[in-house]
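Colleague: Below, the features straight out of TrEMBL:
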type   : residues : note
DOMAIN : 18-125   : domain 'Ig-like'
DOMAIN : 181-276  : domain 'Ig-like'
DOMAIN : 365-437  : domain 'Ig-like'
DOMAIN : 467-560  : domain 'Ig-like'
DOMAIN : 569-665  : domain 'Fibronectin type-III'
DOMAIN : 667-762  : domain 'Fibronectin type-III'
DOMAIN : 766-854  : domain 'Ig-like'
DOMAIN : 863-958  : domain 'Fibronectin type-III'
DOMAIN : 976-1064 : domain 'Ig-like'
Amino acid sequence: PPDGKRNEYVKNLPGEEPQLSELTGLFVQKPETVTAIKGKDITFVAKVDSSNLTRKPGMKWLKGKWLDLGSKAGKHLQFKETYDRNTKIYTYEMSIIKVVDADAGGYRCEVTSKDKCDSCTFEVSVEGRSKKQEGPKEEVDVWEILKAAKPCDYEKIAFEYGITDLRGMLKRLKKMKKVEPKKSDAFLKKLDPAYSVDKGKKIQLTVDVADPNAQVKWLKNGQEIKPSAKYVFESVGNKRTLTINKCNLSDDAAYECVVGEEKCFTEVFVKEPPVTITKLLDDVHTVVGEKVEFEVEVSEEGANVKWMKDGVELTRETAGSKYRFKKDGTRHILIINEATKEDIGMYQALTNGGESKAELEVEEKELEVLQSIADLTVKASEQAMFKCEVSDDKVTGKWFKDGVEVQPSSRIKMSHIGRTHKLTIDDVKPEDAGDYTFVPDGYALNLSAKLNFLEIKIDYVPRQDPPKIHLDTSGGGNKNTIVVVAGNKLRFDVEISGEPAPTVCWMRGDQVIAEAEGRVRVETRKTLSSFVIEGAERSDEGKYNISVINPAGEDKAELFVKIVDVPNPPENVKCTSVGEDCATITWDPPAFDGGVPVKGYLMERKKVGSARWTKLNFDVYESTTYEAKKMIEGVLYEMRVFAVNGIGISQPSGNSKPFMPIAPTSEPIRLTVDDVTDTTCALKWRPPERIGAGGISGYIIEYCKEGTDQWVQANQEPVEKNQYRVKDLPVGEKMLFRVVAVNMAGRSPPATLGQAVTIREIMENPKIRLPRNLRTKLIRTVGEKVNLVIPFQGKPRPVVTWLKDGVPLEDKTVGTRTSDLDSILFIRSAERAHSGRYTLSVQIENMSDSADLYIQIVEKPGPPIDVHVTDVWGFNAALEWKPPKDNGNCEIIGYTIQKADMKTKEWFTVYEHNRRPSCTVSDLVMGNEYSFRVFSENICGLSDSVGISKNTAVIAKTGLTYNPAPFKEKDRSSSPKFITPLVDRSVVAGYSAAISCAVRGYPKPKIIWMKNKMIIGEDPKFLMQNNQGVLTLNIRKPSLFDTGKYTCRAVNDLGEDEVECKLEVRGFAAQEGYKLEIPVSLSLSLSLSLSLARAEYKSPYCICQSEFSEPWMTLRAVVSVNRMIY
């Protein structure tokens, strides 16, 4: 920095006033400006002298004005820090691995330590730097992308577009090879090679055929498709269309369109819905060497989840043993075995329907001091032992005396056992007194203590010596004050001198402290009195007196014991404001500071629903207002705060109320004026283009006079609709209007009208806009509701009147309701009296308009009257009747005639929809008497009651006689004759077989079955059946011995006939060790016999029987034979 500029402003913490920090020359070595070669590595080194600093300096590497490179640490950017104990110099290194064009620019490094700071700048230029421009990407069908892509990219494309059946995709892609299209006589336009559709959507497959009258067939996987609600066929001119509604995975198939002998093909690919993330990632904060797990849950099992780190994909091939990927149902877990500083970054889980991000922060493992070394006071020739204990048993260190390293000798010994480090000095001498320090290797930490040498002088004194109290309260601010941490043990040794030995008394107020009993006690020896408190409590704080008495005199001393503890938790933690990715948190200091001033606070945050807290600061933060950053918009968070004093860290405060980082919306769009009257103005608008996670709570409408900036809010509460009418405006004034969207984050930018609006109503002629369905007669049935809405226009609001048949409407059962834009006529229960002509009239001053509505209320008609039979001839009867007296207030459209036989009284319909009041009933049965009834019919249906004929129609019998021809019985006797012969067969041994034939003969012939000319008797192996002349011989599980010639002979009194066939039973040859699978029926037992035919065997075999209950069983036979037949 320039010499003239000795100080400058440094970044202030939220809630603090700007402070001037002294700009000092802390840098011993600064980074230099360099020119890097693209693709090579480069390292920058900065060194800082900490000899005059009270605490460890903090280093930041920045690019430009604000980009903190520490958050970008990873494979590309690497940082290193070392410390030299002797020179007290910190060395900081920043390495850029494989320099790219984007690394060029200005850099700055800043070092700060309490009230001191320093900074330096340097430049990086890259050789061969070029700018790449990318053109806009065109949207291409997924199949076009796959056909143009390399095979190694297929899996990546399938994941991006939601394709789960990768094997099916590759098969179809193989079929979709480009072939020169052949000219088709039947098709003008064929199907595309492939179509894709989302699951649940519909798709249309269209072809153009040459012949408009041609018939087409649609096939799916070779099977013809039949029209249904699922598959809809359309034929318009030359176009033939197949529509598939509500596509599912079963519709993912090959389709064909067939016209005559020609076909065209296509593939339909159904994409499944995207996989969404149901449980988001949580931020993780850990230390070096710990195991880290990022867990995310998705909406479907077996979904494909892609993991990325800082925009770079993590795969099993590139991750190696560093990362592990785990799936458990819908849970996907990324595991980092041992976290390092290189793992710091933003991790992302992606599916084809969503993503989630989380940040990983890794800190160096801090070394904790479990037991520090204490000051020692020893006498000559005694042993002095310094002892300390740290948290890591692998840490080594060095011992120093007055800044000089201690070397071991026969008198001085150093040991390291586990986490304990000891320095032992035997036979202490005066020159051993001094300051001793233990420094752990690799940590900016040291532990110090003092060794005091007590020199004993022997003086000759009188026999009686007055008592004397020798107090030693070194280390406290006040000489006679003892500070104890709550919960610790206090043992205060007081040396006493005097001859003879004095009597010691400890008191707190007026109460004497007992010796050798209780939690607070006194232990006394000849020259030493010890005051002991076991497990100090806050009630132990106060003044204590010690007095010693002997014959030579008395001495007294007063002590004050102060109990200190960790502070109480901070109180009233709350979020006061939020931004798009940040929030401001405030809290109150703890009610009790533990007796030690509070040094500052530590903050933690977590997502609502998560159990993992993330630290926000590692250095103590002194203010009670904090701005939390790097949060995700739309996610609920909670905060808690710890207080820190010199004793330790308090318990956490209560969680703050959940808050959500959100940003105000963008301004509403398309603000227009919808209507203007003398005192009001109606506005309408569209929602903002960018709403964000906070949504919209409503809208605020404001107005002001043109030429002023005094905006007046029109609505007290935000309105949710996208329209509003501003009232009580001054007539004739020019007004400006604006609309603001409001959500949890506050107000959006306003949307303002471009021009002022003059508040004056515009005249508009009255006009009735009669709906099309009311331009014809409206027909309703009795009891139905009638609700007619007739819109109209006109300004100012017109006067509306209703008339019925030219007379003002006064019927109380007919209601009307009128608004600014329409008028409603309603009848709750229609009656026939409500039929007629209704007239709606609207009038503004001397201008008017009217419209007529015709309403007809109908019901079912009454029955026909005077139904009678006018004439009967042959098998016919003539009926006549008169129309009903009540036609139901509409035209009679026909009659239904039924007849009934007087014997059965069952009615049968003869005619329906008969238009005339007469008819002729034919095909009546001779000798029967008939009655008739008639229903009348209108548009409401058939009448409820009927008109029954007053007389009946009798169909008289004639004198005809029937003379049947004499019956002559036919002689059906015949000798047996086979009409279907037996057929030669070849069957497999062990499987039941049957042979069949058919015979004809009368009387029924006797059937004889023979094998090799020998009659088959009652052998249970054979089952003989005769079903209407069809003869069947069933052979149960034939063996090789059943091979032969089978004969079927039929014999009756008129002769005999026979047929024969050959049956060959084939055996199954099995090799040694062959596995036999035998289907078994559901029975309780199975007998399996193995027989040897023409086999040479080396050892015996066994015949086994197995009992089992399963319908299928696999039996394995391993025998030492050359051939086995079963």
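Just so it is clear, glycine is given a Cβ too, placed from its N, Cα and C backbone atoms.
Any TrEMBL annotation is an automated prediction that lacks curation.
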Colleague: Summarise the domain 'Ig-like' (181-276) as counts of helix, strand and coil residues per DSSP.
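Modeller: Summed over the domain 'Ig-like' (181-276), the classes give 3 helix, 50 strand, 43 coil.
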Colleague: How many helix, strand and coil residues does the domain 'Fibronectin type-III' (863-958) contain under DSSP?
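Modeller: Taking each residue of the domain 'Fibronectin type-III' (863-958) in turn, the totals are 0 helix, 52 strand, 44 coil.
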Colleague: What mean pLDDT score does the domain 'Fibronectin type-III' (863-958) have in the model?
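Modeller: 92, rounded to a whole number.
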Colleague: What are the DSSP helix/strand/coil residue counts across the domain 'Fibronectin type-III' (667-762)?
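Modeller: Reading the DSSP string over the domain 'Fibronectin type-III' (667-762) gives 0 helix, 45 strand, 51 coil.
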